[in-house]
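Here is what TrEMBL says about this protein:
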- 66-172: domain 'Phosphatidic acid phosphatase type 2/haloperoxidase' (DOMAIN)
- 25-51: transmembrane segment (TRANSMEM)
- 63-85: transmembrane segment (TRANSMEM)
- 105-127: transmembrane segment (TRANSMEM)
- 134-151: transmembrane segment (TRANSMEM)
- 157-175: transmembrane segment (TRANSMEM)
Amino acid sequence: MMEFLRGWDHQLTIGFNHFFASHAWSVALAVVAADYLIFVLALAALCVIMYRAGSKMARIEALRNLVTSVIAVYSVQWVIGSLWFRFRPFVVFHAIKKLIATPVTLHSFPSGHATVAAALATVVYMYDKKWGKIAWFLAFVIAMGRVAAGVHYFSDVAVGLALGWIGTWIIVRFFKSIF
């Protein structure tokens, strides 16, 4: 069963990368999504929570939730990646076309970009459902951009998105219970 899932993950990743690496417009789209969209999401998250949080104390709490969540889930992602090292797809498969500059030495699993994007989107969703849905769409586009760029497998970004969401939810609930 695991071999079947691994093969499915590899084939989806290779196919997705080949589609996006075949046209100039799709290469540009993949590069923007994989490398730059996370900065747009981070800025948007800051703007939304600062605007929607309300009072000064609520804005401080929202900013604390955002920063703490991002740092915590990124740290957990880094530990998991260090313990369960997985080479990036462009290292394993010569058919993968790497579309962005990414060091070979960094782990692939789980995706740090997907983890952070999910953390940002989750905090936004907690303060504003409408903007949170848009933030989650951007997080998904970022994750798929990492696969399209050939630097992550689908399973890397799926686990990263789940880790960011669950970790952020736990952290925010923890802070609500102690303050």
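Residue numbers in this text run from 1 along the chain shown.
Just so it is clear, glycine is given a Cβ too, placed from its N, Cα and C backbone atoms.
Counting residues of the domain 'Phosphatidic acid phosphatase type 2/haloperoxidase' (66-172) by DSSP class, helix then strand then coil, yields 77 helix, 0 strand, 30 coil. Outside the transmembrane segment (157-175) by six or more residues, the chain places 61, 64-65, 68-69, 72-73, 76-77, 80, 109-123, 126, 139-140, 143-144, 146-147 with a CB less than 8 A from a CB of the stretch. Counted as Cβ pairs under 8 Å, contacts with the transmembrane segment (63-85) are highest for 105-127 among 25-51, 105-127, 134-151.
Residues 13, 16-17, 19-21, 26, 29-35, 37-38, 40-41, 44-45, 48, 88-90, 96-100, 102, 108, 111, 113-114, 117-118, 120-121, 124-125, 157-158, 160-161, 164 of the same chain, all 6+ positions outside the transmembrane segment (134-151), place their C-beta atoms under 8 angstroms from a C-beta of that stretch. Looking just at the domain 'Phosphatidic acid phosphatase type 2/haloperoxidase' (66-172), the mean pLDDT is 93.
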